[in-house]
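**Student:** Here you go, one structure.
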Amino acid sequence: MVFNNDENMSRRTAQTRVEHAMDTDEKDRESDSSGDQAKARLIVKYNGEDHDITRFGKFHPGGARTLQRFAGRDVSETLERTHHSPAALKLVPEYRVKDEQQVSPTNADDWDRDLIDWSQPLLYQVGSLADNYQAWLLAPVDRNLRLFRSDLMESLTVVSPRTAIFVWPPLLVAMTAVAYYQALWLQYSSLSASYSVALGWCAGLLLWPLVEYSIHRWLFHACPPPTSPLLITLHFGIHGLHHKSPFDTRRLLFPPAPALTLAAFAYLPLRAVLAAPLATAVLAGALTGFLGYDLTHYYLHTGSPSPGTRLYRLKRRHNQHHFAQFDRGYGISSSFWDHVFKTGITLKDIKFELRW
């Protein structure tokens, strides 16, 4: 996968055409569909084989409704005609069915195609991919990933929105309170303490979009050297896994344990240049921005924002980042810094509304 912006690497500028035009009678088709039909398995034929794309519907960049009209039909020519990105086409084998059951993801064909053993934890395997690592990441899958053999370690790598909301808000309130009492301890007046903490918190919040962009572009999308199994493994663990399996909803949020570890390291340079109350307040504000980003990212993958809204545009851009323009669209919760650094994604006008 292209995880850097090196001038020698070809930029994928062709926007995914999965958001292809619906027929003019699309609305009539939808109104005629019954509730039972909506719940039925969505089976299509591709290259002579049946594929069950029922689950894929809610993740399809072109919306779930776009797929419904292809139920029971051969989509081979359609996929070629609409010029789907290579990443999108490599997803197709994930949904192949056999005897009305999905093919096991651990068979011999998958071993050859994926270069790893899906029945084993991935973190112990990806480092050996070497020169194949980038190409392997370019072939996304629709599977839940396992990283560690240890159930305890594995549990620390997955998180639900409920857990994130349970952990972060109380912690952020506590950090803000600590900043206030740090100021009082340094002999600030109550008014000065409140002002300093509010100023630091707002500065951290405003700083977050730049931090988000920078981390995503220059850390998450750095290209690990093929000669370093350690760096490949680290890269996969912090972000590569999300591009390999973008529909694994357990891994759409950043786990609190590693996030708090990184936050602790981030506090050190802040403390080196700022007084303790300001450093704590800035970190609290930045982490508030992080929480907003994290929940936004989860929603962009799983939600169905209303057409015309900011979230609708962000979702379309993020889908392009995953499946067509990997070296653009680094801002998740905001596209401001993408515009500043000329890495924005221009969305094509479409004649219909996308619904997930």
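Even glycines carry a Cβ here, placed using N, Cα and C.
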**Student:** What range among 134-153, 274-293 does TrEMBL record as transmembrane segment?
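**Tutor:** Going through 134-153, 274-293 one by one, TrEMBL flags 274-293 as transmembrane segment.
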**Student:** If I take the alpha carbons of HIS60 (heme binding site) and HIS301 (Zn(2+) binding site), what is the distance between them in whole Å?
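**Tutor:** That comes out at 10 Å between the alpha carbons.
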**Student:** How many whole Å apart are the CA atoms of HIS239 (Zn(2+) binding site) and HIS84 (heme binding site)?
**Tutor:** 24
**Student:** I need the CA-to-CA distance for HIS243 (Zn(2+) binding site) versus HIS84 (heme binding site), whole Å please.
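**Tutor:** That comes out at 17 Å between the alpha carbons.
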**Student:** Quick one: average pLDDT across the domain 'Cytochrome b5 heme-binding' (19-101), no decimals.
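**Tutor:** Result for the domain 'Cytochrome b5 heme-binding' (19-101): average pLDDT 75.
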**Student:** Fill in the CA-CA distance, HIS321 (Zn(2+) binding site) to HIS84 (heme binding site), as an integer in Å.
**Tutor:** 14
